[in-house]
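Visitor: Structure in structure tokens, see below.
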Amino acid sequence: MSNPFAHLAEPLDPVQPGKKFFNLNKLEDSRYGRLPFSIRVLLEAAIRNCDEFLVKKQDIENILHWNVTQHKNIEVPFKPARVILQDFTGVPAVVDFAAMRDAVKKLGGDPEKINPVCPADLVIDHSIQVDFNRRADSLQKNQDLEFERNRERFEFLKWGSQAFHNMRIIPPGSGIIHQVNLEYLARVVFDQDGYYYPDSLVGTDSHTTMIDGLGILGWGVGGIEAEAVMLGQPISMVLPQVIGYRLMGKPHPLVTSTDIVLTITKHLRQVGVVGKFVEFFGPGVAQLSIADRATIANMCPEYGATAAFFPVDEVSITYLVQTGRDEEKLKYIKKYLQAVGMFRDFNDPSQDPDFTQVVELDLKTVVPCCSGPKRPQDKVAVSDMKKDFESCLGAKQGFKGFQVAPEHHNDHKTFIYDNTEFTLAHGSVVIAAITSCTNTSNPSVMLGAGLLAKKAVDAGLNVMPYIKTSLSPGSGVVTYYLQESGVMPYLSQLGFDVVGYGCMTCIGNSGPLPEPVVEAITQGDLVAVGVLSGNRNFEGRVHPNTRANYLASPPLVIAYAIAGTIRIDFEKEPLGVNAKGQQVFLKDIWPTRDEIQAVERQYVIPGMFKEVYQKIETVNESWNALATPSDKLFFWNSKSTYIKSPPFFENLTLDLQPPKSIVDAYVLLNLGDSVTTDHISPAGNIARNSPAARYLTNRGLTPREFNSYGSRRGNDAVMARGTFANIRLLNRFLNKQAPQTIHLPSGEILDVFDAAERYQQAGLPLIVLAGKEYGAGSSRDWAAKGPFLLGIKAVLAESYERIHRSNLVGMGVIPLEYLPGENADALGLTGQERYTIIIPENLKPQMKVQVKLDTGKTFQAVMRFDTDVELTYFLNGGILNYMIRKMAK
């Protein structure tokens with residue numbers, strides 16, 4: 001079918017008649033000029049891809065009519081221009097692609113039809129761990145270990161980059177996916193197949209939203225959805241409401257972009273923006289650099305929105321020049337965006353579009369702050385940190401409480417480290433990490449940290465040797481300007497040597513703490529602290545031994561490392577004493593904004609970006625040396641413990657089976673609120689007494705070789721055993737934190753996997769009960785694949801985080817939702833009952849279904865298949881089955 005909007009296409013420049021764009025102004029529809037800029041991107045993609053099958057004329061009308069349709073839960077398709085993947089989520093995607101080729105061949109189709117149809121960039125950044133720190137060779141040693149542990153995965157990925165068209169792999173040691181995307185991969189405007197169109201993307205990482213700071217619409221999706229986009233399917237999404245976030249004023253000179261984003265995160269969590277876009281506007285936006293905007297956009301998942309969009313303006317174009325982008329491309333980017341009404345002047349209120357709701361922040365009201373101890377939205381002003389931590393100590397166990405009895409608040413434990421005696425207490429800092437693309441992409445906070453380090457060293461201050469300090473920049477550019485500006489030696493002197501280019505501590509790859517420190521924490525039952533410049537601090541994520549974790553700007557990470565404790569009031573208490581015996585306060589070493597900007601102007605230059613990124617695909621010698629086969633079908637090695645052909649397609653036939661009711665299911669787990677994808681499918685270390693450890697031990701591996709769950713996502717046997725294996729999982733059956741459950745028929749307490757296996761052997765279906773925000777956190781496809789492999793047919797929850805719900809759908813697991821005002825407690829459910837879920841043949845999106853218990857009780861729940869497309873996926877047993885059937889025909 002030809003595109004019914006073909007008449008809108010015209011050359012952007014008469015000199016180049018072969019290069020066209022869809023001129024949305026030719027719609028002559030007054031509604032277009034009132035649309036939020038983010039919605040204009042959705043509209044352009046729909047018009048350009050309209051084929052009356054995947055994208056229909058009615059979809060375009062629905063988007064144009066956004067003012068009304070935003071309130072009606074209407075689904076629209078979106079075909080992003082490209083996909084980005086990181087290696088933890090990318091390995092299972094390439095495994096699925098390889099297995100799909102096998103399945104298509106088995107069903108008589110052409111396996112080479114399975115290929116990405118849009119550009120897919122995979123950045124290897126999740127594998128490196130902080131094994132070595134505080135030594136000059138930390139970087140080399142950590143990279144060597146990364147290769148030793150991950151050689152097999154890396155060989156597989158290198159095979160994928162050669163076997164599949166349109167797939168580029170950025171080797172390990174290059175940087176963090178979102179920073180590499182911002183500084184290098186981002187196009188802003190595509191020039192492809194004779195058309196100009198806005199750059200847009202989805203990524204298999206929830207912080208993909210960082211790119212929204214540059215005016216490129218993008219967000220995180222599950223690996224399963226990303227694979228569908230790579231195969232040419234549009235994403236099906238509810239047309240979102242758009243919250244206009246007006247920024248006014250100018251930030252105080254001592255305030256960092258981190259303080260601004262933590263303030264916005266708390267504010268938007270209170271406003272309630274889950275499932276909505278946030279679009280920034282107002283004169284305050286013009287005060288923010290692209291790095292500042294990217295920091296704010298990066299933490300979008302923490303405030304719960306789908307996207308956090310800053311339309312392109314002059315500052316964006318300046319950033320493209322600063323980062324050494326191609327001058328030829330810069331010529332058409334601005335011209336195209338102006339031609340389609342997508343170029344913004346934040347000082348011109350006449351350009352402000354309509355929004356669902358407007359909220360605002362005066363930047364001058366922002367104060368220096370941190371967030372914690374267990375959630376990114378729990379902002380605490382730095383001036384209140386001591387008081388707040390001390391109130392958390394005694395408060396009831398929860399997001400702001402550790403339930404330490406008052407008589408134990410001043411407990412401490414001495415220990416020997418490096419032949420010297422030290423003391424740990426509640427609030428002692430044991431991890432201080434400058435980490436994560438959230439902040440290392442921002443030269444002002446990184447140079448701020450460097451200048452603070454210089455002043456601290458000059459004042460004779462230091463960091464206790466037992467504190468695990470690290471610096472893991474998101475790209476080589478950071479190290480370049482830290483060295484050129486002369487601050488790197490001072491960072492090293494305080495223990496902040498570069499330990500690797502990757503996510504590291506931010507995703508829990510913080511590596512081991514010194515044994516004496518762990519013993520002191522455990523024996524003293526102390527609430528030890530991690531301070532990091534990351535974006536998430538959920539319990540158990542950063543390190544198992546840091547029960548409190550605070551997000552802070554890079555300069556504050558160093559300040560708390562020097563203090564050695566979170567229990568300090570920087571205004572009244574000194575950081576230490578200098579050689580002359582004088583007290584040194586934080587205000588004495590804090591650099592001014594003018595100092596930072598002067599250094600930034602001098603040392604952050606386009607040549608740096610060009611030099612680093614020119615050689616990005618060839619700079620890693622170990623990667624270059626990897627030998628891989630050139631076959632188009634992958635040869636699965638049965639001895640491999642990293643890469644295994646998944647069982648998802650084993651019994652797949654071309655014919656569809658009608659949907660079946662779930663009869664007499666047992667409850668595997670009875671969970672509460674805010675169960676994250678980290679709880680469901682942890683990414684961190686594999687505990688020695690876990691089912692996954694037993695499996696790997698039986699395959700001849702020693703604990704040293706276990707690596708992490710995240711690195712083993714290409715092996716379903718490990719990942720199924722790692723499902724619900726988080727030591728912080730709180731199962732209401734047990735009333736304690738443990739990766740265990742009660743096997744109801746026998747009453748035995750078992751590891752979750754062992755219980756599920758027993759149910760499966762008896763042919764008994766399973767469900768999970770949960771509370772609000774089920775599946776919050778990372779866009780982890782194994783949090784849906786794992787439960788599927790455990791035999792879980794449905795989850796019954798009060799509400800779902802967006803990405804996780806769509807991942808469950810993509811695996812054919814039913815996301816059921818209680819009716820408003822109902823939950824397990826209100827309905828008197830204990831989880832000991834058996835559940836029958838009646839599934840009718842004539843399914844419709846968001847249909848209410850009957851749930852019957854063996855106690856005789858019945859109630860209704862909503863099946864959260866939100867669109868016809870999602871229903872189609874479910875009826876096929878998941879999105880990949882649907883694609884295989886389509887390709888095999």
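Here, residue 1 is simply the first one shown, and the rest follow in order.
Quick reminder: no glycine exception, Cβ is built from N, Cα and C everywhere.
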Visitor: From the set T628, T702, which residue is assigned the annotation phosphothreonine by Swiss-Prot?
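Guide: With Swiss-Prot as the source, phosphothreonine is noted for T628.
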Visitor: Say Swiss-Prot lists D205, S206, H207, R536, R541, R699, S779, R780 as binding substrate: which of Q86, Q338, Q403 is in the same site, per that record?
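Guide: Same substrate site in Swiss-Prot: Q86.
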Visitor: According to DSSP, collapsed to three classes, what secondary structure does C437 ([4Fe-4S] cluster binding site) have?
Guide: helix
Visitor: Near R780 (substrate binding site), how many other Cβ atoms are within 10 Å of its Cβ?
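Guide: If we count other Cβ atoms within 10 Å of R780 (substrate binding site), we arrive at 31.
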Visitor: Is it possible to get the count of other C-beta atoms within 10 angstroms of the C-beta of R699 (substrate binding site)?
Guide: 14
Visitor: Greatest CA-CA distance (Å) over the residues Q86, D205, S206, H207, R536, R541, R699, S779, R780 that the record ties to substrate?
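Guide: Answer in Å: the longest Cα-Cα distance is 35.
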Visitor: At the Cα level, what's the spacing in Å between R699 (substrate binding site) and C503 ([4Fe-4S] cluster binding site), rounded?
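Guide: Answer for this pair: 29 Å between alpha carbons.
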